[in-house]
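Engineer: There's a structure below that I have some questions on.
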Ligand code: NAP
């Protein structure tokens, strides 16, 4: 039987990825929408999650595509109503609220899937398999994009809990922590916060796995093409995972990757987790971000203008 899913928050990622994936994946279907502003044709639509849950006890699962701030209350409503839950990344605005959700889901025997879409990128499994046989020397992450192109008008990313440049940067950390065998720890961080904003526009991190150094540069001030790349130096050569995890090359030779869409993979996984009565909640990437805020040196940089001068 197909899993009926209620979608909450019809913003950029819901429209670009969740709606098409829900069409593609067998065994799941979109059954209702909760949105403050939007409706979809031929679909029951509600102004908020509580109205949806009350009106449609037949909907067994909810997918939350709202910003991380405020997601906890929505998520708790879903679990208390006895429905399975899939969360967009990051799974919350704090680590402790995600842990509380995990406990609540476990206590009720419900599936909670804290998704990390970049881990489902086409070449990530290739990178993990190759790295398993390597002696690592160093890792360098460069994650640069134009915030005006990728987050136009999104106020929540600049507000506390919105992560700022860690909103894309956490995707790199989700891949990093999925492909390395050993834990990653944060050593230091430098955060550049525009005057008048609450979250960083750029961040550089120093991390380690064992004794191996890992550097990361996250920057939203890129005005050219985006760069979403992780470079691994090993005793045998250099491998590069780029295009956000979609392309893997060893010493410049591109390796054939899986032909799959990130979000179709996520919904197939959610369906399977529900069928097996399992949960998948990994807070590791969010914990590294929290550590960067805990120990990071903050410097104020020039104000960010949504529309550039000149
Ligand atoms: P967005 O375009 O701002 O959409 C978020 C939607 O959530 C809004 O359209 C709104 O939908 C709803 N919402 C509820 N409360 C809100 C509030 N207080 N402020 C703003 N919106 C509120 O954001 P998004 O880019 O889709 O990102 C949503 C989540 O997906 C984030 O956690 C983000 O990290 C993740 N994500 C985004 C991308 C991307 O490329 N954009 C990629 C992967 C993951 P209604 O008007 O329908 O209520």
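The backbone N, Cα and C atoms fix where each Cβ goes, and this holds for glycine too.
Annotations per TrEMBL:
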type   : residues : note
DOMAIN : 4-113    : domain 'Gfo/Idh/MocA-like oxidoreductase N-terminal'
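Surface or core, plus neighbours and distances: that's what I need for these features.
Structural biologist: For the domain 'Gfo/Idh/MocA-like oxidoreductase N-terminal' (4-113), the mean pLDDT of the prediction comes to 98.
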Engineer: Provide the three-state DSSP residue tally for the domain 'Gfo/Idh/MocA-like oxidoreductase N-terminal' (4-113): helix first, then strand, then coil.
Structural biologist: 44 helix, 24 strand, 42 coil
